[in-house]
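Noted in TrEMBL for the protein shown:
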type	residues	note
BINDING	Glu47, Trp48, Arg49, Arg83, Arg212, Ser233, Gln237	3-dehydroquinate binding site
ACT_SITE	His143	active site, proton donor/acceptor
ACT_SITE	Lys170	active site, schiff-base intermediate with substrate
Amino acid sequence: MTEAVYTRNIAVGRGAAKVALPITVVTPDELIKLLPTIQKANPDIIEWRLDFLEKWQDDATLVEISSSIRQAFPETPIIGTFRTKEEGGKQTIRPADYERVLKRLAELPVDMVDVEINRDESIVEEAVKAIHQLDKIVIASFHDFNDTPENGRLEGIFNKMQAANADILKVAVMPHTTEDVLQVIAFSQQAARNHSEPIVTMAMGQLGSVTRVATHLTHSAITFACLTAEQASAPGQIEINNLRGIQHTLEGDS
């Protein structure tokens with residue numbers, strides 16, 4: 001049975017999937033212009049995608065942007081994410097620098113930090129330890145933008161995340177057939193039974209978009225939306241207003 005993870009005003013893993021909205025701005029000025037629209041969308045969770053930043057290595061920029069997001073969303077949980085190019089992100093980064101970025105993210109006003117489980121084991125271990133020492137939540141993640149691994153491999157990845165003391169387990173894969181999508185749904189149901197941590201699963205792209213809305217079938221605790229299709233941070237994300245409407249139709253007020 002899933003044990004909810006509590007952060008600010010929500011319980012991740014209890015009730016309907018929480019809707020996360022990625023912020024993919026390149027500059028602080030772009031963020032200021034976009035904030036009113038994001039506030040109007042009223043997501044359950046904000047994901048700040050640090051790797052999109054033009055000056056992601058400039059600490060003053062990190063402080064300015066993270067502080068602006070927190071000021072605009074004082075009670076909304078924020079995920080800090082640096083997605084590497086290997087897993088669909090914008091930046092190539094050395095292993096030691098990746099660890100440093102995660103530790104710095106945890107020091108900023110975020111509530112959760114994404115840690116890619118495929119990084120070196122020692123880096124994951126040190127990053128998780130540092131994040132937990134600051135009482136922040138660890139989302140361990142795995143992304144395959146090419147294929148849908150077999151369920152046995154996906155379960156092995158979740159077991160690895162669990163062994164690394166992650167608080168939330170996330171996998172995102174790329175389907176090529178409807179059978180792949182059904183496999184992801186079946187795996188998700190199995191994983192929800194096998195793990196007490198909240199899980200986040202999705203099949204990406206248009207073919208897999210059903211997994212972003214049918215979270216009552218996948219038991220996914222978080223689903224990622226976008227403001228507009230042009231601002232999507234991953235293939236298959238649905239505009240937040242449309243996603244909420246479909247979610248309400250499928251799940252009601254659960």
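Including glycine, each Cβ sits where the backbone N, Cα and C put it.
What TrEMBL annotates, mapped onto the structure for a quick look.
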residue: Glu47; record: 3-dehydroquinate binding site; DSSP class: strand
residue: Arg83; record: 3-dehydroquinate binding site; DSSP class: coil
residue: His143; record: active site, proton donor/acceptor; DSSP class: strand
residue: Lys170; record: active site, schiff-base intermediate with substrate; DSSP class: strand
residue: Arg212; record: 3-dehydroquinate binding site; DSSP class: helix
residue: Ser233; record: 3-dehydroquinate binding site; DSSP class: coil
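Annotated pair Glu47 (3-dehydroquinate binding site) and the residue listed as 'active site, schiff-base intermediate with substrate', C-alpha to C-alpha distance, rounded: 14 Å. Between the C-alpha atoms of Arg83 (3-dehydroquinate binding site) and the residue listed as 'active site, proton donor/acceptor', the distance comes to 10 Å.
Largest Cα-Cα distance over the residues recorded as binding 3-dehydroquinate, namely Glu47, Trp48, Arg49, Arg83, Arg212, Ser233, Gln237, equals 20 Å. Between the binding-site residues Ser233, Gln237, Gln237 has the most other Cβ atoms inside 10 Å of its own Cβ, all protein chains included. Proximity note: of the listed recorded positions (Arg49, Lys170, Ser233), Lys170 have a CA within 10 Å of the CA of the residue listed as 'active site, proton donor/acceptor', given in sequence order. Same-chain residues at least 6 positions away in sequence with a Cβ under 8 Å from that of Arg49 (3-dehydroquinate binding site) are, in sequence order, Pro22, Ile23, Thr24, Thr81, Phe82, Arg83, Gly89, Lys90, Ser233.
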